[in-house]
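Below is one structure, written out as structure tokens; the observations come after it.
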Amino acid sequence: MSYFILTDLDNPAILSGYRPQSDSYLESFRSLFYLHNESVNVYSHLGGAIIFALLAPVVRRHFRSKEYKTASKEDLVAMSCFFLGAIGCLSFSGLFHLFSNHSDPIAKFGNQLDYLGIVLLIWGSFIPSILYGFQERTDLIKVYWTMITTIGLATAYASISPSFRTPEWRAFRAGLFISMGMSAVFPILHGAWLFGLHELDRHISLKWLLLEGVAYISGALLYAARTPEKYWPGNFDLFFSSHQIFHFLVLVAASSHLVGLIKAFHRKHTGPNASVKVFGRTKID
């Protein structure tokens with residue numbers, strides 16, 4: 001099956017701007033320098049990956065400032081999980097879209113990496129949020145970390161294993177991704193029950209998490225509905241298609257999560273009630 005057939009089946013409302021099958025990594029790479037219907041998808045997420053990679057050392061220096069006397073290496077490790085997830089997801093997505101016209105096997109492999117990146121982003125976002133959400137409740141932190149890691153590994157395996165990528169397993173794969181995404185609901189409800197909404201908001205910046213959720217859900221709904229291009233086929237081939245909008249909303253969501261985490265870190269480690277280290281680890285050097 002040719003690359004053209006695959007892409008047409010994927011979104012029949014995108015009528016033009018397709019690249020020919022290249023069978024060459026170099027030729028696919030050269031498509032960075034001309035406009036096609038994957039250009040926005042490539043640049044939005046590869047650019048996002050670069051931005052988050054540049055932000056990571058800035059945040060690290062911020063965490064090491066003298067203002068945060070109770071900050072420890074656990075903060076750094078948790079935030080590193082987030083950056084690993086964000087950079088991994090955006091890099092895999094951008095590379096998939098860049099090299100998707102190489103050949104069918106490479107497009108399918110890139111699609112597997114794309115799904116794996118989604119798993120990384122969900123897992124990496126979950127780890128620090130649980131740390132700050134449950135504060136000194138190490139028992140609950142470990143339970144929820146174990147839960148998301150187990151679901152994440154299962155989802156990652158289902159994403160890359162040939163046995164699970166057949167049509168009859170599509171519903172199972174979708175169920176794993178939904179379970180992984182919805183798993184954030186349980187600790188939020190649990191935290192609200194333990195601490196109350198006001199205190200939980202202080203712990204994990206619920207408003208920023210809400211913005212993140214709205215961005216993800218809005219993007220996913222637009223992508224699933226193929227809106228706006230299904231109403232005006234051919235008018236959004238190069239710009240403002242549902243997939244491109246989804247990409248930018250992913251950036252909004254990841255950025256919102258980062259802002260929320262920085263605020264959560266600040267609240268935990270400032271003021272008269274600054275929290276001590278959760279697992280008794282040493283201060284950041």
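Each residue, glycine too, has its Cβ placed from N, Cα and C.
Unlike curated records, TrEMBL annotations are generated automatically.
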Same-site Zn(2+) binder from His36, His62, His97, given that TrEMBL records His243, His247: His97
Out of 42-63, 115-134, 208-225, 245-265, which stretch has the largest tally of CB pairs under 8 angstroms to the transmembrane segment (172-196)? 115-134
For the Zn(2+) site built from His97, His243, His247, further residues of that chain with CB within 8 A of the site's CB center: Glu38, Val40, Asn41, Val42, Ser44, His45, Ser93, Gln244, Phe246
So which one is it: of the binding-site residues His97, His243, which has the fewest other Cβ atoms within 10 Å? His243
Cβ packing number for His247 (Zn(2+) binding site), 10 Å threshold: 23
